[in-house]
Every structure is written in C-alpha cells, then in structure tokens.
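Take a look at the structure below.
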Amino acid sequence: MAEPASVTVTFDDVALYFSEQEWEILEKWQKQMYKQEMKTNYETLDSLGYAFSKPDLITWMEQGRMLLISEQGCLDKTRRTTSPPTDEQLNMKNTGKLLCFDDEGTPRTKEEDCRLNGPQKQDLCAALRGKERKILLAQTATFQSPSLRETEILNKKVSITAYDPDKKDLRHKPRETPGRLEIPTGPRCYSCYVCRKVFQVRRDLLKHKRSHSKSQLCRYPKYKNSSRGKSELRRTQRLLCQKKRFQCSECEKSYFLKGSLVTHQVVHTGQRPYPCPECDKTFRYRANLKKHLCLHRGERPFCCGECGRAFVQQCELTEHLRLHSGEKPFQCPQCDRCFRLKRGMKVHLTQHSGKRPFHCPECGRSFSRKAALKTHQRTHSEEKPFSCGECGRKFIYKIKLDEHIRVHTGEKPFSCPECNKSFRLKRSLKAHGLQHIGKRPFQCPECSRGFFWRNAMRAHQRLHSEQKPFPCAECGKRFTRPSKLACHTRVHDRQKEFPCGECKKTFSQQSRLTQHLKVHTTEKPFSCAECGRSFRRRAHLTEHTRLHSGEEPFQCPECDKSFSWKASMKFHQRMHRDEKPFACGECDKTYTHQSQLTEHLRLHSGEKPYQCPECEKTFRLKGNLKSHLLQHSGQKPFSCVMCGKSFTQQYRLTEHIRVHSGEKPFQCPECDKSYCIRGSLKVHLYKHSGERPFQCPECGKGFLQKRSLKAHLCLHSGERPFSCDECGRSFTYVGALKTHIAVHAKEKPSSL
C-alpha cells in the first residue's frame with residue numbers, strides 16, 4: 001500500500017498577527033479569545049508528535065506581552081515549481097478582496113468565499129479586507145483526499161514587534177518561521193466554523209464547540225440562567241444565519257420555522273381550538289389557555305419583592321417591577337418619549353402615523369387599539385360588565401368601577417403635596433393643584449370666563465350657542481345639559497315606577513327599590529364607634545363619620561367651598577351654573593333641588609303633611625315640625641357662646657350671632673341699606689316696590705309680613721292668642737303682651 005500524501009504546514013499558517021493600531025481597537029474579550037485560540041493551535045500541532053521549536057509568538061504570550069506586527073512586514077516569495085507571483089500580486093491589502101492561489105501558483109482575487117475547484121485542487125486564501133486592517137495571514141490548512149499531491153505552503157518572513165506594557169518600549173525583531181512539519185493528510189478533517197480550528201475526530205470538534213457556547217452565554221445573559229439556555233442559544237444562532245423561508249400568503253409576513261407560520265395563520269382563520277373547561281372561553285394558543293387556567297386555580301407564582309403583589313405570568317411581573325424602578329426602556333423614534341410598556345409605545349406611534357385601523361360598524365368611529373374599539377362598542381350594546389358588590393351599580397369601564405369602589409371604602413390615594421389634602425380621583429387632584437397656582441386653564445371665548453374643567457367650559461358654551469345636544473328619547477325635546485334631560489325623563493318614568501310592597505313608595509329604578517327595601521328590615525350591621533348609631537350600608541356610615549371628624553372632602557372647583565357629601569357639592573355647583581332644573585307647573589318658579597320644588601308645591605295645594613303628636617298642629621315642612629316639638633319639650637339645643645341665649649333652630653342662632661359680630665351680609669341694591677337677616681331684606685324691598693304680598697281676605701288690607709297678617713286676622717275673628725300667666729288677661733299681639741308683662745314687673749318691687 002502506498003503511503004498517504006502529506007502536506008507541509010508551518011505554525012504561521014494557522015497564526016494571526018495584528019498591528020499596534022489594530023490591537024488597540026480590539027475589545028478585552030476579543031484579545032482573550034485571540035490568545036486562547038493561538039495557544040490551542042500551537043498545542044494541536046505539538047500533540048501530533050513532531051519536534052519543533054516553540055514560536056516566539058507563544059513565548060511572548062506566556063510572558064504577558066502583546067504581539068504586534070510592524071508596518072514593514074512582508075511575505076517571502078513562494079517556492080514552487082512554477083514562477084513565483086510578483087509583489088504586485090501579493091500586495092492586496094487595500095483591495096478588500098480575497099487573495100487565492102490555484103494549482104499552478106498563480107494568484108487571483110475573488111469577491112466571495114474561496115471554494116475548491118476540484119478534488120485534486122486546494123486554494124489557500126488570505127482574507128485582507130479594508131484599508132485599516134493589515135492582517136497579513138489568516139490561513140487554515142484544509143485536507144481533501146488521500147491522493148492530494150504534495151504542495152508547499154507560503155514560507156513567510158514577518159517583522160514582529162514585542163510590546164511590554166510595563167517598559168513601554170518597542171523592539172523590532174525579524175523572525176524566521178519555525179521549521180516545517182510534515183502532517184499526513186487523513187481521509188477527512190472537521191473545521192470549526194467560528195474560529196476555523198481543524199480537528200481529525202468529530203467528537204473533538206463537538207467538545208470544542210462547547211467552549212464557544214459558554215462564551216456566547218456570557219454575551220447573551222438572557223440564556224444564562226435558563227435550563228435550556230444552551231440549546232436556545234444554538235437555535236438562536238442558527239436562525240440568525242438562516243433566511244425567513246416561510247411566508248404567510250395573507251399578510252406576507254415571514255418566519256424562520258414552519259411551525260411559527262402555522263401558529264401565525266390561526267390569526268387569519270379566526271380559529272380558537274383551545275377551550276377552557278371551566279368557563280367555556282376559547283383561545284388561539286395552548287400557552288394562553290395554560291395562563292388562563294392559573295386564574296381559575298388562583299395560582300400567582302410570580303411575586304414582587306417590593307410590594308408583595310403576585311402575578312400569573314413572568315412578563316407581568318417584569319412590567320410591574322418597572323413601576324418601582326421607574327424604568328422606561330421603550331423610546332419613540334419620532335419624539336424621544338419613553339414608555340414603560342411596549343404596547344404603550346405602539347399605541348403612541350399611531351399618533352404620529354395617524355393610523356386608526358379599528359372602525360366601529362355602528363357609528364364609524366376609528367380607534368388605534370382593538371381593545372379600545374371593544375370598550376366603545378359597549379356603549380352601543382349598553383353592556384356594563386363591571387358591577388359593584390356593595391350597591392349593585394354597573395359600569396362600562398373597569399377604571400370607573402375602581403373609582404366607584406373608593407366611595408364605599410373611603411380611600412383617597414391621591415394627596416396634594418402643598419396642603420396634604422387627599423382626593424379620590426386623580427383628575428380632582430389635578431384640578432385642585434390649579435387652585436394653588438390660581439390658574440383656570442379653560443376660558444370661554446365668548447365671555448372670557450375661566451374654568452378648572454374642560455367639561456364645565458363646554459357646558460357653559462352651550463348657553464351662548466343655545467345648543468341643545470341632549471334629546472329626550474320619548475318626546476324628542478332637547479336640553480342643554482344632561483342633568484336637565486334626567487329631570488325631564490322623570491316625567492316619563494312616572495309611568496314606569498317600581499312600587500314598594502311595604503309602604504307603597506315608588507321608585508324610578510329597580511336598584512333604588514332594592515336599596516329602599518333594606519329600610520323595612522331591622523338589620524343595621526354598620527355601627528359608629530363615636531356615638532353608637534347604626535346604618536344599613538357602609539357608605540352611610542362613612543358619610544356619618546365625617547360629622548364627627550369635620551372632614552369635608554368634596555371641594556367646589558369654582559369657589560373652593562368644601563362639603564361633607566358629594567350630593568351637597570353637586571347641588572352647590574348648580575348655583576354657579578345658574579342651573580335650576582326643577583320648575584313649578586303652576587307659577588313657573590324654578591329650583592335647584594327636587595326637595596325645594598316638593599316643598600313649594602305644598603303652597604299651591606295647601607298640604608301640611610307633618611302633624612305634631614302633642615297639639616295636632618300641622619306643618620308644611622318637616623323642619624318646622626322638629627322646631628315646634630322642641631317648644632313642647634322646652635329644649636333649646638343651640639346656644640350662643642357670647643350671651644348664653646338658646647334657640648330651637650340652628651339658623652336662628654346664626655342670625656343671632658350676627659348681632660354680636662355686627663355682620664350685615666344682606667344689602668339692598670336700591671339704597672345700600674344692610675341687614676343681618678335675609679327676611680328683613682325681603683321686607684325692605686317691598687317698601688321700594690310698594691308691594692304688599694299678604695292681603696286680608698276680609699277687608700283687603702295688605703301687609704309686608706305674614707305675621708302682621710295673622711295678627712290682623714285676630715281682629716276679625718276676635719281671637720286673643722297671647723295670654724298673661726299672672727292675671728290671665730289675653731291680647732291680640734305679642735307686643736301688647738310683652739308691654740303688659742312689664743307692668744307686672746314694675747309692680748313687684750313697689751309691693752315689697
């Protein structure tokens with residue numbers, strides 16, 4: 001048997017040299033990899049059993065010095081049977097092309113990777129790319145067949161520079177290449193595609209590739225802690241080298257894997273092949289079903305270390321952690337705005353592009369997100385999937401339910417940094433912040449009136465334009481405000497009222513009737529810790545506790561006045577808007593509150609539904625009955641701190657305090673005269689107008705005050721309601737009784 005052909009290889013055939021300029025460009029990990037690969041190549045040649053001297057390259061590396069090649073490095077001419085190539089043919093460093101030699105030793109260039117021309121041919125290539133990179137040799141010996149005839153590799157003479165970092169000096173030393181090695185060519189060799197290292201045994205190549213995988217894991221940290229990190233990394237590297245061969249015929253989107261294309265096509269077909277066995281909800285992907293099942297099982301395996309909040313998915317926890325860190329990794333390329341979530345940036349990009357691909361089939365309105373379209377469609381279907389567990393009220397949006405629940409819990413998470421006042425809604429805090437700076441950002445273009453809220457300004461503008469955008473669905477009548485429409489619809493709702501079976505009281509809504517039925521039950525589970533009073537609902541207890549604490553959380557954005565209850569603030573805001581939606585059908589007088597209209601209607605009907613159980617006297621107003629009952633009991637709970645005088649009603653005490661303070665808030669517009677009591681101003685205005693609204697039905701005489709008319713009627717009837725306790729004498733007027741009592745007071749000292 002003939003001996004196999006051999007090829008002569010030197011160490012420089014598998015070595016790589018850098019200039020000083022190139023060495024500084026390399027990163028630290030690249031320098032380490034370079035040194036490791038050079039040592040490995042040397043050890044591979046040494047392991048073949050041939051004796052040769054250790055190259056200076058390896059010696060300097062062991063001494064910790066950098067190996068640099070000078071600019072004057074050159075290649076020796078090739079010793080072959082044919083004519084050697086010229087210097088012009090070898091000097092390819094500025095061409096950026098590949099330098100190759102064919103069988104006859106003739107050099108030639110190629111734009112692409114070198115390939116073998118046949119089983120008996122071998123190209124030895126040197127990749128010399130770019131003007132800056134002066135890599136003089138990067139060759140790998142490649143073995144093809146046993147019949148390969150003997151060739152000689154380029155014998156090189158290179159000028160090497162040894163650079164010692166400590167001494168900072170350069171020493172130029174011309175070096176001859178070490179002796180050649182006769183390496184027999186095997187039947188097949190295996191080359192590493194990363195570093196071009198050659199192996200004769202395949203398992204050695206596989207073992208060698210693991211070292212690259214470890215180094216790659218350091219470069220790609222997201223694969224480092226995964227149990228399948230290495231396999232995923234190899235798969236990722238393989239995909240990066242491939243093309244996206246699998247294209248969707250519907251949207252022309254391309255994928256690396258056929259399975260990814262099949263998964264994507266489910267979006268176009270609308271298939272949801274994975275149903276949930278618990279709630280019959282269907283999903284496109286099995287992974288989404290698995291995540292959904294965690295909700296039924298109550299599993300939340302991913303917990304936040306900062307606040308303890310748990311999540312179903314790892315990605316949800318990752319997004320949540322950005323709240324604590326403040327990280328916003330997704331930046332808009334148009335305006336440099338940053339976002340915490342990628343989907344937030346995608347929605348933002350539609351503002352730049354103006355694209356709104358999701359259209360409502362009912363009204364034609366467009367949206368940038370599919371979720372926003374689904375939420376909008378609930379307004380057409382009147383679907384309200386989010387209901388309150390306390391009062392049963394339903395909402396279209398989840399965020400509205402969250403805001404409503406704070407009414408029951410009393411939670412106020414938004415605090416003002418200036419005055420530490422807390423608010424239930426974030427928009428209320430924003431409006432409150434404008435009060436500190438005195439800014440009313442929304443101004444009416446007609447009258448320049450300022451508003452804290454845009455909605456308040458729009459409602460105000462309808463007064464100028466006489467626009468009435470709120471029509472009644474029953475009769476078609478239009479209104480400027482939704483509150484006026486709501487009051488009007490009550491006229492139609494009287495035919496659709498829900499009566500209470502216990503007290504025959506009727507309600508316009510079923511939910512109101514449900515709440516009212518709790519009145520007839522004796523259960524009151526919510527008790528006040530201060531006074532022990534019990535309530536049927538937690539919300540009522542929350543409102544009651546504000547009486548003890550003096551808290552007034554609802555502030556009017558117009559005048560800064562505060563209220564304990566939201567309903568009181570809403571009624572107060574109607575005064576600013578000059579809104580009086582409740583009108584009397586008899587005299588066309590309007591009122592802010594429904595209760596005011598109800599009390600007014602009793603003037604026309606003469607109804608007095610409140611009767612005193614002591615004297616059977618009847619009253620038109622419930623407040624008047626309460627004040628009257630205090631006269632029977634002799635109780636006067638409202639006392640003046642100045643003089644100790646007591647009153648049966650709060651407003652009487654308020655009027656009395658003005659006597660001490662000298663305050664006269666009610667001023668006549670005609671003569672600038674001021675009064676402590678509003679009723680006194682009304683009587684005074686009758687003098688200017690000459691009107692006497694209270695007339696006697698017997699003689700037609702008119703009076704300014706109602707009590708004057710009552711006293712006058714006693715003259716016709718002969719009644720003397722005011723009697724003296726001392727002598728029993730009776731009088732028509734209370735003033736006459738007081739004068740008479742003074743007479744008795746003067747007589748008592750004289751008798752002594």
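Heads up, the Cβ atoms here are built off N, Cα and C, so glycines get one too.
Features reported for this protein in Swiss-Prot:
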DOMAIN    9-80  domain 'KRAB'
ZN_FING   274-296  zinc finger
ZN_FING   330-352  zinc finger
ZN_FING   358-380  zinc finger
ZN_FING   414-436  zinc finger
ZN_FING   442-464  zinc finger
ZN_FING   498-520  zinc finger
ZN_FING   526-548  zinc finger
ZN_FING   610-632  zinc finger
ZN_FING   638-660  zinc finger
ZN_FING   666-688  zinc finger
ZN_FING   694-716  zinc finger
ZN_FING   722-744  zinc finger
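The helix, strand and coil residue counts that DSSP assigns across the zinc finger (722-744) are 11 helix, 4 strand, 8 coil. The stretches the zinc finger (666-688) and the zinc finger (722-744) do not meet in space: the count of Cβ pairs below 8 angstroms, excluding pairs fewer than 6 apart in sequence, stays at fewer than three. Sequence-distant contacts of the zinc finger (358-380) (same chain, at least 6 residues past either end, Cβ-Cβ under 8 Å): 347, 350-351, 396-397. If you take every residue in the zinc finger (638-660) and average the pLDDT, you get 87. Remote same-chain partners of the zinc finger (526-548), defined as residues 6 or more beyond its termini with a Cβ less than 8 Å from a stretch Cβ, comprise 390-391, 407-408, 410, 515, 518-519, 564-565.
Counting only same-chain residues 6+ beyond the ends of the zinc finger (414-436), those with a CB under 8 A from a CB of the stretch are 403, 406-407, 452-453, 553, 555, 557, 560.
Non-local neighbours of the zinc finger (498-520) in the same chain are 391-393, 490, 536-537; each lies 6+ residues outside the stretch with a CB under 8 Å from one of its CB atoms.
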